[in-house]
Amino acid sequence: MRRGERRGTAATLGKAALEEQPPPQPNGGANSSDAAGERTPPPGAERDGPGLRRSTESEVYDDGTNTFFWRAHTLTVLFILTCALGYVTLLEETPQDTAYNTKRGIVASILVFLCFGVTQAKDGPFSRPHPAYWRFWLCVSVVYELFLIFILFQTVQDGRQFMKYIDPHLGVPLPERDYGGNCLIYDPGNETDPFHNIWDKLDGFVPAHFFGWYLKTLMIRDWWMCMIISVMFEFLEYSLEHQLPNFSECWWDHWIMDVILCNGLGIYCGMKTLSWLSLKTYKWQGLWNIPTYKGKMKRIVFQFTPYSWVKFEWKPASSLRRWLAVCGIIFVFLLAELNTFYLKFVLWMPPEHYLVLLRLVFFVNVGGVAMREIYDFMDDPKFHKKLGQQAWLVAAITATEFLIVVKYDPYTLTLSLPFYITQCWILGIILVLTWTAWRFFIRDITLRYKEIRRQKQEHKYEKDKCLSNGDGHASMLEEQNGNKLRERKL
């Protein structure tokens with residue numbers, strides 16, 4: 001069945017696939033030769049029935065054009081891979097360098113696994129710019145998790161020295177650096193430049209903060225959650241500055257430059273982008289069906305935008321399950337942020353090292369998919385019966401990174417918090433637990449009690465009215481029986 005036939009009904013009824021639902025392809029699944037995998041119908045079609053979709057989903061119209069671009073090319077990739085391996089085996093002389101051969105063998109093994117995963121792995125919720133792109137990052141997640149497991153099973157010294165195989169400059173202790181310093185906004189002692197403290201903070205990390213929070217907003221798609229994570233991380237920096245020196249910052253660096261300017265502006269721009277994406281018309285045509293060159297160029301640019309859109313409505317106060325899920329998301333998010341700093345510290349990696357940047361690029365690509373899979377699992381657990389594969393891997397990676405930090409430097413992690421910091425965290429935890437108990441237990445019990453009491457008063461009034469009017473005893477018994485049935489239901 002052709003893709004246009006599969007999408008015909010959906011386009012006629014205005015049926016929207018979930019955001020980035022991969023376009024179905026002909027000729028079976030990804031296992032077929034030189035054909036992309038046949039995708040499942042839009043989840044809304046099976047979940048809601050004909051003509052219905054979730055209110056947060058956008059409408060999508062697709063002419064169903066199937067091109068060479070969307071095919072998986074499984075046989076082509078297999079042929080090229082076999083030729084490359086044959087060339088190395090038959091025509092290339094193997095160097096007599098054990099370390100070099102070991103590195104090359106590991107890299108070749110990873111590349112073969114990536115080729116297999118890109119052509120054969122299960123598709124996720126995103127399809128633009130191409131489903132193979134997201135399958136690639138899924139396979140990278142598996143490789144990264146296996147690398148972390150390997151590092152976890154080494155001794156501390158061996159693990160740090162192993163990093164020399166990746167970069168010979170690694171594996172040496174980091175120099176001591178002063179991060180706090182003079183916190184005066186206006187320094188009268190420096191007549192040349194009294195505002196030198198501010199200019200010293202305006203480095204490459206300022207646009208990195210802004211761009212990072214812009215992308216995080218596109219992942220989370222909720223202003224309140226983004227602000228809570230942003231403010232909570234600043235509190236964590238305050239609390240843990242006795243463990244890591246680079247958490248020691250000036251107060252205006254925490255709250256003005258970070259929370260208000262960099263993070264706040266990034267969140268604001270992210271929310272504006274989300275508003276545009278939610279209002280955008282998702283109408284897709286094949287490139288060769290567009291008559292004008294301007295239209296073709298516009299279609300190529302829009303290939304790097306979502307296929308459709310879903311507005312996230314987390315609703316943390318709607319149920320205990322969603323409240324605990326949102327708290328868990330915030331916790332994992334903050335833990336992943338902390339792992340960035342602690343991993344650099346325990347593995348002796350300078351902040352400007354390219355591996356630190358690659359890790360951030362990795363989380364940018366896998367974080368959006370993971371958040372979407374988590375939201376689908378929360379929003380419709382009857383249809384999405386298990387947590388998505390990318391979300392599972394991100395959670396496993398975050399936990400493994402933390403375990404590496406615990407193993408490699410338990411002394412730093414066990415440095416006791418200052419007493420006033422401990423008091424603040426205990427107070428915060430008590431407030432959160434109190435609100436949880438009131439919102440999901442005490443409040444519900446109180447509301448049920450008030451409802452039962454109100455119904456009893458109403459039926460008592462009806463009983464007195466019946467007696468005063470001389471109505472029969474049967475009607476009074478019917479009211480009493482109805483009252484008992486309603487009490488049982490409550």
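For all residues, glycine too, the Cβ spot is worked out from N, Cα and C.
Listed in TrEMBL for this protein:
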REGION    1-58  region 'Disordered'
COMPBIAS  45-57  compositional bias 'Basic and acidic residues'
TRANSMEM  68-90  transmembrane segment
TRANSMEM  102-121  transmembrane segment
TRANSMEM  133-153  transmembrane segment
TRANSMEM  223-240  transmembrane segment
TRANSMEM  252-271  transmembrane segment
TRANSMEM  323-342  transmembrane segment
TRANSMEM  354-371  transmembrane segment
TRANSMEM  391-408  transmembrane segment
TRANSMEM  420-441  transmembrane segment
REGION    463-490  region 'Disordered'
Seg_contact(the transmembrane segment (223-240), the transmembrane segment (252-271)) with at least 3 CB pairs under 8 angstroms, min sep 6: yes
Contacting positions for the transmembrane segment (323-342) when only residues 6+ beyond its ends and CB under 8 Å are counted: 225, 228-229, 232-233, 236, 240, 244, 246-247, 314, 316-317, 356, 359-360, 363, 371, 374, 378, 394-395, 398, 401-402, 405, 409, 412, 432, 436, 439-440
Residue numbers, six or more beyond the limits of the transmembrane segment (420-441), whose CB comes under 8 Å of its CB atoms: 238-239, 317, 319-320, 323, 327
Remote residues contacting the transmembrane segment (354-371) - C-beta distance under 8 A, at least 6 residues beyond either end: 124-126, 134, 137-138, 140-141, 144, 166-167, 212, 215-216, 218-221, 312, 329, 336, 340, 343-344, 388, 390-391, 393-395
